[in-house]
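S.K.: Here you go, one structure.
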C-alpha cells in the first residue's frame, strides 16, 4: 500500500512539472498602442485594424493615462512588432532607405540630376554649370 502512494506522488509530481513547462512554453503577448487607429475606440474595429494593418494577434480598447480609452495591439513577444506605421492593405510600399524608388522594370527614364536640372534629351552629358 505504501509503495502505491509513492508511485502516485511521483506521477503527481511529474504531472505538476509538465503543466508548469507547458505554461512557460506558451507565447506571451506584448502590448503596444496602435499606430493606425484613431477616434472613439470600438473593440471590434480596434481588433480588426490591429490584425489586418499592424499584423498583431489581437487588439482591444483600454483606459490608460488620463482616463482616455485607446486601442492597444497585442503581439507575440518572441517576434518583434513592426517598427514603422504599416501601409494599408494593397498600397504600394514606401521607397527603400536610400530615399528614391528603383527605376521601372521596363527601363523608363533615368532620374533627374541631383542639382535639379533636367537631363539632356539626347542622353549626352549635361552642360557645365554657369559661372554667373
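Placed from the backbone N, Cα and C atoms, the Cβ positions cover glycine too.
Okay, so Swiss-Prot annotates it like this:
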{"type": "SIGNAL", "residues": "1-24", "note": "signal peptide"}
{"type": "REGION", "residues": "28-77", "note": "region 'Defensin-like domain'"}
{"type": "DISULFID", "residues": "30-77", "note": "disulfide bond"}
{"type": "DISULFID", "residues": "41-61", "note": "disulfide bond"}
{"type": "DISULFID", "residues": "46-71", "note": "disulfide bond"}
{"type": "DISULFID", "residues": "50-73", "note": "disulfide bond"}
{"type": "REGION", "residues": "81-132", "note": "region 'Disordered'"}
{"type": "COMPBIAS", "residues": "83-114", "note": "compositional bias 'Pro residues'"}
{"type": "COMPBIAS", "residues": "115-124", "note": "compositional bias 'Low complexity'"}
S.K.: Between C-alpha atoms, which of these disulfide-bonded residues comes nearest to residue 50 (disulfide bond): 30, 41, 61, 71, 77?
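M.R.: Closest by Cα: 71.
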S.K.: Sorry to bug you, but what's the C-alpha spacing from residue 73 (disulfide bond) to residue 61 (disulfide bond), rounded to the closest Å?
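M.R.: Here the two Cα atoms lie 9 Å apart.
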S.K.: By Cβ count within 10 Å, point out the most packed of the disulfide-bonded residues listed: 30, 77.
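M.R.: That would be 30, with the highest Cβ count within 10 Å.
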S.K.: If you measure C-alpha to C-alpha, which of 30, 71, 73, 77 (disulfide-bonded residues) come within 10 angstroms of residue 41 (disulfide bond)?
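M.R.: Among 30, 71, 73, 77, the ones whose Cα sits within 10 Å of that of residue 41 (disulfide bond) are 71.
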S.K.: Restricting to the region 'Defensin-like domain' (28-77), what is the model's mean pLDDT?
M.R.: 91
S.K.: Measuring Cα to Cα, tell me the gap between residue 30 (disulfide bond) and residue 73 (disulfide bond) in whole angstrom.
M.R.: 8
S.K.: Would you count the other CB atoms within 10 A of the CB of residue 73 (disulfide bond), including those on all shown protein chains?
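M.R.: Here the count is 28.
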S.K.: If you count CB neighbours within 10 Å, which one among the disulfide-bonded residues 46, 61, 71 has the smallest count?
M.R.: 61
S.K.: For the C-alpha pair, I'd like the distance in angstrom between residue 73 (disulfide bond) and residue 46 (disulfide bond), rounded off.
M.R.: 8
S.K.: Of all the disulfide-bonded residues given, 41, 50, which has the fewest Cβ neighbours within 10 Å once its own Cβ is left out?
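M.R.: So among 41, 50, the disulfide-bonded residues given, the one with the fewest Cβ atoms within 10 Å is 41.
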